Amino acid sequence: MSCWGQSDMANIATDMSDGSTGLSKTRIIQIMIAVAVLLTAAKPILPDFLIRLPEAWIPPMAVWMDAIFNFIIDDLKLAVLTRWIAEGPLEFMLDTTANLLFGKRRWPNFEPIPWTAIAATAAVIGYYLGGWRMALLAGGTFVWTALIGQWKIAMQTMSVLAVAAPMAFLIGLFLGIIAWKWAWFDRAIKPILSVLQTLPFFTYLLPAVIFFKVGPTAGAVATIIYAIPPMILMTTLGLKKVSPEVVEAGKMAGCSKWQMLRSVYIPAARTEILVGVNQVIMLCLAMVVLTAFIGMPGLGAKLLAMMGSFKLGRSFEIGVTIVLIAVMLDRMSKAWVIKLPEHFERGTPWWKRHGYALATVAAFVAFVLIAQVVQVADHITRQQSFTQGKELDNLIKGILAIDAIQAVTEWLRWFLNVWVLIPFRNALLWIPTSAFILGIVTLSYYLGGKRPAIYAAIFFSIVALSGWWDRSVITLYAVISAVIISTFIGIPLGIAASRSDKWSKRILLACDTAQTFPSFIYLIPAIMLFGVNDVAVVFSIVIFTTVPLTRYTIEGLRTVPAEMTEAADMSGATAKQKLMSVQLPLALPTMAVGFNQAIIFAFFMVIIAAFIGTQDLGQELQKTLAGTELGKNIVLGMNVSLMALTFDLTIMSWAEKRKKALGLG
Amino acid sequence: MKTTALLSAAALAFASSTAVFAEDSSDPIVIPIHNWSSQIVMSNVVGQILEANGNNVEYVTTDSQAVYESIRLGDVTLELEVWEGAFGASFRAALEKGGIVDAGDHDAVTREDWWYPMWTKESCPGLPSWEALNDCAEVFATAETGDKGRYLDGPVDWLKHGKERVEALGMNFTVINAGSAAALWAEIGAAEADKKPVVVFNWTPNFAEAVWPGEFVEFPEWVDGCDKDPAVGPNPDALYDCGNPATGYLKKAAWDGMEGKWPSAYKVLTNISFTNPQIAEMAKLVDVDEMEPEEAAEAWLEANPDVWKSWLSSGS
Amino acid sequence: MTVDTPVISCRNVWKLFGPSPRQYLAAMPQGLSYESIQADGYIAGVKDVSLDVSRGEMLVIMGLSGSGKSTLVRCFSRLHEITGGEIIVEGQNIMELDDKALIDMRRQKMGMVFQSFGLLPHRTVLDNVAFPLEMRGQDKHDRRERALEVIKLVGLEGREEYFPRELSGGQQQRVGIARSLAIEPDIWFLDEPFSALDPLIRREMQDEFLRLQEMLGKTIVFITHDFDEALRLADRIAIMKEGAVEQCDTPDQIVLNPATPYVRKFTEEIDKARVVHARVLVKPLNGKAPEGDPFPAERTIHQLARQLVNDTRDEIPVADKNGTLLGAMNRQEALDVLLGTE
């Protein structure tokens, strides 16, 4: 493809102009590849330390980490403070929402709010934000939840969400403002945020338990920490974008610093801040389900229990509830972003001005009253629920047992395992550590340039030094296999869908749904189709990674400027020529972002796939959850994060360069 | 529903008030809930018994291994299902660190070992003998195991020593580790459709018995020291050359501060003892009859008053 | 303070952008050109400017984009910190004000209108206009009353509850104007207030603005890149180029006597007769007796054209509104302004 040549030319040009080295970039890459190949080929005669680091060289990182944490916990008594927060204000807030939503016996000791009141309130708010369709979505989600018999567990989840999301919002907003105000803080926090965003969620969970007590408190803390980074980034972005004239208008109005922030900056950055809120809500919901692993009751815990007793139908129903809640919260918060205040003529009576607020209160009160006399309006008992668990069980089992499907999966299992995955894994494991690191560094250098290459070298050396090399390679192997397979699925799918508006929309909707469906529900069908082996692992990752690849392919292709495609048409290009020589090269930087996200997702999912049965870092991480091996937990999580960051830095710097070269954004 | 339970609990509390130690704290007793049904129902049953005893009770969902650390710290008050095989190690480790006490055994015994669903017998009629299993190893072969049989063991961290046993007994099997209990069930569920023969790790008491009838493979009988002394068992040079104990314990554990804070409740806890059929019954209420755990607990308590009331009254 | 002391007075004001402007300015040799400064890595936003603005006067600062006119006006209100020189506003050296005093000065004395309006998108017209009052802590009732008053003044009655996005550009700028007037400022800064508007609306807004100024009589610093607009509005015009003031004078003088070739380029295309007033062509009588009826001094030559062509006198007396004789103007000179010199 032409663009590769161009990017090389550009790189060479910049490197030459640096004049720092006498060697061109291409020559350096050739030399690096040659050395890596040589190291691999010469494995039989290589000194041992180049093949695998000897045990004796590996520093006891886990022990150090443990020592650091023990120091923090025992000597600094930080745990006393965190425990106080957990048992004091945090638990109080969680207990209060828990009392209101599902009647936990705590202050203010009310009866739980009837489901009809919540559904009706949601519907009115939905109508206010987005008309009938939104009202239907918001009300319908709660009606479904109640009728399917999941009200209480859904409310357990919501009660944590109701505390975690606002907390994450406030903390993120606060840190975002600080990062915007003081550049040094921004610089300090950026790498921390990158690490947080690539850290496997198991690594959030264990410290949360140790510092914040098992159960909802730890779950809430893990959720909050997980959801903060995008809020910080969006706040900073929004504040930086406030128009200088608005700022000057504020100053000329004689605003004090605090007035400036409160009345000028924050309201003017409203859109970005609300986009941050949307992301906070979505991440909180994703995490609040996963915190079932550390004792968070609710949808996630029920899902785990259902999966533990092989109830596919009920698991699926819970999955649907989670998707509905996610879609509802997503759409409502997005509607809120674009919702602009309405004006009322002077003299409009107050009840008209506050019509929606009144309707909300009225709906709420009416249904609370109705629920006092009508039991169904208050809660749905098990006998009244419409759950189709058993029927769905049979349906799913029936589908999986269809001969044609079985024949295909049998073949795939045989082909992929015997001819692709296992040989590939063994080959990766066979490569000497030194050659492997050199290979990765070469790739980073080729794609991203000097900086990413230096990071790659440092990061992978740390991975090697951590003593978990083989497991890291197996993790990487699953990630690479899955991303390659999903490239073959996602990109053609994206190209096909991008041709029509209708299909683009449909496929994007499917992407949204697939992404919000709780990831670990995929595991059971994966096992039933392929058995406990690497095919199932890769398959479950592929479901997750195909989504961003498809999405960004569609977006990349559809945002190619119209003049360019028209120019191609006028030059007499066929559809295929147009695609290959105009659209794809221009869409490539955007597609690279999708590729990057696919890799990050793969690193996320491969850890979850430990539930199928793997021999990678995820399996070890899962083990640490059961115990108290905090140090090991963090070292493992760090390895995952470092590998993910290497790819992130490389691909993003490539995409940046391409964009600049193409004069896009 | 809930109100009736509360009322009856209150009535009982009143009736047995003479038995209640005045000094039982009004703080809630925290009972952990894990992710398998018998434990969830049992926790609810015991919770309702303790409420009948006049205590406040609260449930918290926790990891079944991490719970021992939480008990040591007093975040969780007790644990009702300490399986010898699965949690013995975590429990013993916690005991050594201190903060946790052994609150006695249930009548029930536990067993964990190689297991197969009944349909497997058709392709390998010599079962349950392990030698017969080994003879038809190729029946269990899959694409990636070649001509060796495939045995799906529990997650590595359950430390079931499947690999060691295959080597010690010279079996023609490859051991694959599942990542979770759910993975085991999915494998059996997938095999069920066309009655494929499988042999997997399983345990009792467990809901799976009700869903898929099956049997444990009979290995050379467990002898004490089989895991420590190579001389014990049929292979004089190897460890793990026997089956697992067929009668493992099922214990209760408690925070060591429980006796001081809720002496009456602690007494009740030590009295509690369930049998295998009782546990299976509880699991069935949820797994087969699809009840919610609280309802299942109420139903069980209502059906078996003579079992649990004695635990209360002997409290004095 | 007497009426004659200037409201704003600036002496040798410098504003440099770059890594360490103060040190650079201190060490800089005198009379360095804009280009040489640029070559040293600094941009001279404002270059050695000295100006006075008198009470009630409208000073228009005219220049092309990048000439430093917006920077200069931001120095007056200390939105920019100056690098050198001093700026005295109402007898106060504004560089010596602390934060609180500066905020106070802006709250009591200054109003500013922006090119892209700078309205707060989440506030209604009423709340936007009341914003400066709210900032200085006026009570809700008072500020509402005052805001309604100024809204009426700019002709936006009935739109109080609208949001900025619901208004046209011209209307939005009326909100901007109303907001800047809400605190009854003594000094009014307008930074290209009409540049973002369509030509027709711009004309209408200029008329509107003149009407307001008639009523209010504020001290005004008005920025524009449009020479016609400057001529139309200004008492005095300061023409800027590369941070420096090329010429600062009345429109008549600028048109008649452009100080530099740069200024001349602007004046060449202008119909001078529409700018030049009879008053500026007046010469002392030196004892000569005036003949016939005097011309009014406040008329432009263009307005006097017909009389001028028909008149036969060589020297025509000129009198002001009160009939006081100011002197006489040379008819030939006046005709040169009218017809141009070939």
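Every residue, even glycine, has its Cβ placed from backbone N, Cα and C.
As given in TrEMBL:
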TRANSMEM  A:136-154  transmembrane segment
DOMAIN    A:154-333  domain 'ABC transmembrane type-1'
TRANSMEM  A:160-180  transmembrane segment
TRANSMEM  A:192-212  transmembrane segment
TRANSMEM  A:218-239  transmembrane segment
TRANSMEM  A:280-300  transmembrane segment
TRANSMEM  A:312-329  transmembrane segment
TRANSMEM  A:356-377  transmembrane segment
TRANSMEM  A:427-446  transmembrane segment
TRANSMEM  A:453-469  transmembrane segment
DOMAIN    A:472-653  domain 'ABC transmembrane type-1'
TRANSMEM  A:475-495  transmembrane segment
TRANSMEM  A:586-614  transmembrane segment
TRANSMEM  A:634-655  transmembrane segment
Surrounding residues of the transmembrane segment (A:427-446) on its own chain - C-beta under 8 Å, 6+ positions past either end: 25, 28-29, 32-33, 35-37, 39-40, 43, 46, 50-53, 452-453, 455-457, 460-461, 464, 469-470, 473-474, 476-477, 646, 649-650
Region pair the transmembrane segment (A:475-495) / the transmembrane segment (A:280-300), three or more CB pairs under 8 Å: no
Intrachain residues whose Cβ lies under 8 Å of the transmembrane segment (A:453-469), provided they are six or more past its termini: 52-53, 55, 57-59, 61, 433, 436-437, 440-445, 617, 620, 635-636, 638-639, 642-643, 645-646, 649-650
Two-stretch contact, the transmembrane segment (A:634-655) and the transmembrane segment (A:192-212), at least three Cβ pairs under 8 Å: yes
Selection from A:136-154, A:192-212, A:218-239, A:280-300, the stretch that has most Cβ pairs under 8 A to the transmembrane segment (A:312-329): A:136-154
